[in-house]
Amino acid sequence: MNLHEYQAKLLLESYGLPIQKGIIAYNGEEAAEAFDKTPTDVAVIKAQVHAGGRGKAGGVKLVKTREEAKEVAESLIGTNLVTYQTDAEGQPVNFVLVAEDMYPVKTELYLGAVVDRATRRVTFMASTEGGVEIEKVAEETPEKIFSITVDPLVGLLPFQAREVGFKLGLEGKQINQFVKLMTGAYKAFVENDFDMIEINPLAVRENGELACVDGKIGVDSNALFRQPKIAALHDPSQENERELKAAEFDLNYVALEGNIGCMVNGAGLAMATMDIIKLYGGKPANFLDVGGGATKDRVVEAFKIILEDSSVQGVLINIFGGIVRCDMIAEAIIAAVKEVNVTVPVVVRLEGNNAELGAKLLDESDVEIISAQGLSDAAQKIVDAVKAA
């Protein structure tokens, strides 16, 4: 689960991090009032969406008067902001952040942290190249990025934070301030079950003070049950409607941009299915894992969610029967196809527990379902069926 910039900043501020102050506005009049309360002569209007690249997309603008603040806010609120991180539809802007202007600054730095799956520990990354996408820095000048891994048994140690501070070119009192900042960021990360935090840019102001000008936080969705305050910050408007509906039925769904819908049990098998569709010249429209305990109701809902995507021209169902029996899945598929009134080609590949019986049920049913033997056969058949449709 992602947080908005203003939510991330308020959370980080509660851990002692210096942030760029701002006020949320839901309309032009509120933006004008927020401008009047801004301590600087110039304010920054920031569209609040769960996506990066807002500045280049016109979602971050400087304003010098309350009238201009109102005008800019009204031009953003109620629209969809399209950035390099969104799809073609963009993300809805429901409110803006009216923030103090912290520029000019001496320099812009980068500080971020993620859960490193290789070491299973929190790893901090830092760079002197702040204010730009860290992916671009990693590609063009990887030597300017350095990292440290934190031992969870002892936590972030002061000498580690000082080491990072010195590598960032900080000196004197800035080092002590940075140690406090980085320690607070780590504490916030662990206590709130983050899976990602990014402060970009971390500015060194003209007076030498540090400030978090922007902040991104991703929270581990699997830990939300023990983070009720964080869960309450969830903004469903920033998520795909089909993904939200899938979550209601415990279906793992991620919308993609292809035309072949996928329904699979197991995340690994789902990824392999998408890969082989691509290999045979098709484009997957989604990732959908119905889980090991697939039932008729879940299969029906999965069909509905897949077919709500108007770009879907065919569906590939790939089921490995382990705990769940393939004959039961076959019955659920037949019932679901009838109930949902599926009009696009459907290819089904069953393997494992009672696979032969499941295939027989499909072949003897009165619905148009194409049976496949093996993963390659299934991928070839769905790609051919979509092309022929």
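Glycine residues also receive a Cβ, built from the backbone N, Cα and C atoms like all the rest.
Among ASN265, ASN286, ASN341, the residue that Swiss-Prot places alongside GLY322, ILE323, VAL324 at the substrate binding site is ASN265. Of all the Cβ atoms in the protein chains shown, 16 others lie within 10 Å of the Cβ of GLY53 (ATP binding site). Note on proximity: among GLU100, TYR103, GLU108, ASN200, the binding-site residues of the record, the Cα nearest ASN265 (substrate binding site) is that of ASN200. The separation of ASP214 (Mg(2+) binding site) from ARG54 (ATP binding site), Cα to Cα, is 11 Å. According to DSSP, ILE323 (substrate binding site) is assigned to coil rather than to any helix or strand. Annotation for the binding-site residues ILE323, VAL324: lowest Cβ count within 10 Å of the residue's own Cβ, ILE323. Same-chain residues at least 6 positions away in sequence with a Cβ under 8 Å from that of GLU100 (ATP binding site) are, in sequence order, GLN20, LYS21, GLY22, THR38, PRO39, THR40, ALA43, VAL44.
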